[in-house]
Amino acid sequence: MGTLSVNQNKLQKRLRRLAGEAITDFNMIEDGDKVMVCLSGGKDSYTMLDILLYLQKVAPIRFEIVAVNMDQKQPGFPEHVLPEYLKSIGVEYHIVEKDTYSVVKEKIPEGKTTCSLCSRLRRGTLYTFADEIGATKMALGHHRDDILETFFLNMFYGGTLKAMPPKLLADDGRNVVIRPLAYCSEKDIEAYSQLKEFPIIPCNLCGSQENLQRQVVKEMLLEWERKSPGRTEIMFRALQNVVPSQLADRNLFDFANLRIDENATPRFLDVMNL
């Protein structure tokens, strides 16, 4: 890649800045960490690795980066692409081989959504491998749009107000998951991926499925953004500005014991009868 144009340079700086802010805000990476960067071969994880490698050079702390890809034995998966790319940039890497593809195809009827089971199987395998190599953090490539889509999916279809946190302690208590791209937009990541000409590997399982609930929500959010530019940013800001007393979850706020404060200063209004 040659010299960047002004706009390309701004894009790169913006992504690096936003990733750095997210890492700082949530204390994602600490001195001495060994960060296992989960690389799928998609635009998001390539961008995450690229930015983390840059931040590793300029950060005031020292941390290791190990790239890990999970070969799920999907038919036609180009096994050579990631090793060749990672060797070319000099990054330590591991390829974890686990035939989750056959399990998913066996358990999920044809035409049904495979994403949930596929994700659980992949996550469990990666958690175990993180333990094996002594990784202290596991970095995933989810971005701002993913987080918002998950929020609306859970609200519309699950009846819960939850999304993807930028930093998460896994259920096993042994893995800390971080999402350095939490503040970055998918639009910027797509543009950066094209700029850097990453060797993208398509997903033959979920990537080709149509009419998924997530795709419906994605299109809804894109339409909102088209009609009201900036709405996505405002909605994401709302996830960082929660007011439990203005919702209805009794576990988050003690509504039952709300009482008049006898010591509160009375407020009197002058009323004019017309």
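Glycine is treated like the rest: Cβ placed from N, Cα and C.
Note that the structure is a prediction, hence the values are computed from the model and not measured.
It is 40-45, from the ranges 40-45, 208-213, that Swiss-Prot records as motif 'PP-loop motif'. When DSSP labels each residue, the motif 'PP-loop motif' (40-45) comes out as 3 helix, 0 strand, 3 coil, counted as helix, strand and coil in that order.
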